[in-house]
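Scroll down for the structure; my scribbles are underneath it.
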Amino acid sequence: MSSTPLRSLVSSASRIPALKRASIPPSSRYASSSSSSKSSKSSTQTSPLPNDDWTLPHIHVGPTHPSRYSQHYHNTLSSDLMYMTYSHRLAQKPPKPEPVQPPQTAYEANRPRPPIMRGNRALRTKTTQIDVDNVPKLESVIIHTMVKEAIANKSALLSAIMALRAISGETPNGGGKKGSSGVEVIVAKKSAAAWKLRAGMPVSVKVELKGDAMYDFIQSLVDFVLPRLRDFPGIPLPPSSTPKNSPASLTGIVSFGFNPTTMSFFPQIESNTDAYPRLHGFHVYFKTSLRGENAHEHARTLVSGFRIPFHRR
């Protein structure tokens, strides 16, 4: 068998791919290579979006942890307060007064009516009726501090604003809470020439806490601040000679104050004390839902349930 047919087959097979490669024009080959390089670059580098198409996503900040003191009130303290402060006398509704009968004769119609008792005493606050649906509770906690140096220099309020904002964590409508006023600057209502004070001058700051922020502040106060106060027997009680009908006794507000050193014991201040050029004394007001008779005593009972001690002078 001769080798000529085999050589012809090999030569013909080697020509086919060469013809195929020659059939592809160089321009299309360059275009395909450029398109492949462009596709690889586009996969690695994305073009920036125009500014009109980009919108800020809605971020909702929810609760990060359960409030331990809030759970303590709803699970334990509320039932104890109901047992200790319930009044059977107030629970009994008084009978309705009999309606006034119209005069029967002309003699009764022309008789003068009995005189109306008048006096200079203020109207007594209606006593809050304590029942299952109306258990004493905390409505808000107010932290207030006054800066005397702000009368001469308004910038002296900045350190107090920074400290209260760090302690409370409150900003206007911050944390997704609508209605939060944050730290407020209080101005003088009246002028006082002895202190060179004019009406409208900023002299103090305050912040009002509600909800879980209120219970978080109480937890920081009880767990970190009060145990570190030296020779602290508790919040002083009013003297026993205080009349029970005084305006302070009829309001369910418990207030007490601390010196400037106490502010440095809060963890938010202690971690960065050098950032605050000056510390200030402050007052804390516990506003409850109680009003009327024995309101102040029951409010102190509620506050003491959060492990805040009281002592008699």
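In case you wondered, yes, glycine gets a Cβ from its N, Cα and C as well.
TrEMBL does not curate its annotations; it predicts them automatically.
Source: prediction; values computed, not measured.
Listed features, source TrEMBL:
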COMPBIAS  1-14  compositional bias 'Polar residues'
COMPBIAS  21-47  compositional bias 'Low complexity'
DOMAIN    202-310  domain 'Large ribosomal subunit protein uL5 C-terminal'
REGION    1-72  region 'Disordered'
REGION    91-118  region 'Disordered'
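Per-class residue totals from DSSP over the domain 'Large ribosomal subunit protein uL5 C-terminal' (202-310), listed helix then strand then coil: 38 helix, 29 strand, 42 coil. Over the domain 'Large ribosomal subunit protein uL5 C-terminal' (202-310), the average per-residue pLDDT in this prediction is 90.
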